[in-house]
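Residues or ranges marked as L-histidine binding site by TrEMBL: 130. According to TrEMBL, the domain 'Anticodon-binding' annotation covers 331-419.
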């Protein structure tokens, strides 16, 4: 995990405008961590899972979540553990992160304290990305894009996404009812051990590896068919972001997560190079868990989503940590309208590849809120893309002091920014 060596000086007065730092130096940062920082994630110390966290999970879920099995029968180190999400929600509350501008985007490296030590731990890499405080589909886009770029930085290629949605609380209840009725109707076709699985959790039957179960799985109700209109719109937007970013994906109807705490989007990121077949162990697993906070005792829901990235070290991704220095951002990226938002992450990646630092608030929709952020941080330039610019593959580069501005093609943006000495 990177440690901050030098940061901005704090403002003298309570109401003083906060200046962007001249630079922030991170000690012992990997390429993966550098990518996460660029996309707006803040490093934190990995939370400790307490006995109270575990107790809350036990109260919420009667049976333990089924762990994913790795080849050679090794213990799985890539799984969605509800107690880890509970620990993150508790950290959000204890550190009063709800007082910060929302959403809060967090990044951490390593294993949660509940995971037992393993002889192969030194050969594993594990990262977590979490976004708390927004229901918007752009959050999935940021999470997936950042994860993809982290994996690319670590040497992985031919990446694609398995993705599905189980929707909001009402959608999950409707799908669960349909799926249970379907399997009860066909219970005589289930092997004996699968009948026991059904008693524990019907959702698990969709991931059963038994060949006798496959015909039933193929004909089973699909969660997408139970989505509410709001849930369907949300998932459609997520897929539009993937298409705009040219990220290959496929709908995987077997990805339904755990109905006790998963909502909406569930995804896995895989590489065709990781196994002889395309069904090898995923490199990353992500979920939304909008309803979890209320289920563990909060008075209100906390919309949240996160991804766990885990893989074995090898000669490709065994890069040594280094000290990185992030320059003071001179640019604030502003987008207006859904079409502009769709192109935003592609533009941000172009700037990242050109090593041009910038700030953004992609979860904000209104111009005033985004301009306020730029002015609050005293950022001298803005890059703006609206619906017209999105259609023309261009942006507007504006000098905040002189109010002068120029329209620039996206493909020429890095060159133009270097010309005006912003890179």
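Cβ atoms are placed via backbone N, Cα and C, with glycine included.
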A correct count of other C-beta atoms within 10 Å of the C-beta of residue 130 (L-histidine binding site) gives 26
Mind tallying the domain 'Anticodon-binding' (331-419) by DSSP state, helix then strand then coil?
-> 42 helix, 23 strand, 24 coil
Across the domain 'Anticodon-binding' (331-419), what is the average pLDDT of the model, as a whole number?
-> 94
Could you say whether, by DSSP, residue 130 (L-histidine binding site) belongs to a helix, a strand or a coil region?
-> strand
